[in-house]
Amino acid sequence: MEKKDTMALVDKGLLLPLMEEFYTIQGEGFHKGTAAYFIRVGGCDVGCHWCDVKESWNAETHPPTDIELIVENAAKYSDTIVVTGGEPLTWDMGPLTDRLKGRNLKTHIETSGAYPLTGDWDWICLSPKKNKLPVGRIYNEAHELKVIVYNKHDLIFAEEQAALTNKDCILYLQPEWSVRDKVTPMIVDYVMKNPKWKVSLQTHKYLNIP
Ligand code: SF4
């Protein structure tokens with residue numbers, strides 16, 4: 001297929017730059033401990049300096065993959081599918097979630113919200129980033145807000161973001177992994193003083209699983 005034809009299908013969300021896919025345990029947030037199939041889509045220009053999946057950033061290094069194939073694989077493993085990245089909303093998620101829903105699979109997304117929300121989701125984890133703030137209606141749609149805490153200022157950012165979310169949105173503070181020893185005590189103290197927040201830990205990293 002010529003590159004322009006491939007790009008046209010990527011633009012339509014019929015091909016997605018697939019970085020990796022794997023069956024594991026959701027380690028973070030509300031669904032932690034739940035077995036789920038992860039689809040990691042390449043492409044992200046948010047540029048978090050502490051990002052632990054920088055290999056995902058350049059979409060061109062990940063093969064444009066037919067979403068029918070992605071769904072076929074996912075359906076073999078789990079009824080809960082987590083789409084992550086990268087920033088999955090770089091792409092039109094409508095066709096992928098239509099097909100996942102067509103197989104009666106539960107659709108979860110982990111997103112910074114930096115691009116308009118597309119797709120039909122059973123669970124939206126919004127993890128906003130300071131350098132490219134969420135856009136559009138995602139604050140109204142998010143089921144959980146997960147703010148990654150790298151330093152003390154991130155707690156102020158967390159409150160600013162929480163003020164924008166809907167009333168049912170569950171609020172999480174999660175230590176950034178590389179500074180977890182430093183920031184976890186600060187988060188624990190903050191959550192005890194501000195119990196509308198909960199602590200989210202990257203339990204999959206403690207379990208040494210993907
Ligand atoms: S939004 Fe996510 S994938 Fe993109 S740079 Fe930030 S942490 Fe990395």
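Along the chain as shown, residues are numbered 1 onward.
Note that Cβ sites are derived from N, Cα and C of the backbone, with glycine treated the same way.
Since this is a predicted model, take the numbers as computed values, not measurements.
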Check your understanding: Of G86, G94, which one shares the S-adenosyl-L-methionine site with W50, C51, D52, S127, P128, K129 in TrEMBL?
Key -> G86
Point to revise | Distance, I25 (substrate binding site) to K129 (S-adenosyl-L-methionine binding site) (CA atoms, angstrom) | key: 24
Check your understanding: Relative to the mean position of the Cβ atoms of C44, C48, C51, the recorded [4Fe-4S] cluster site, which additional same-chain residues have Cβ within 8 Å?
Key -> V46, G47, V53, K54, S56, W57, E87, S112, K129
Review point. Which of these binding-site residues has the least crowded Cβ, counting other Cβ atoms within 10 Å: G27, G86, P128, P210?
Key: P210
Point to revise | 8 Å Cβ shell about I25, Q26, G27, R40, T84, P210 centroid, substrate site members excluded | key: F22, T24, E28, A36, F38, V82, H204
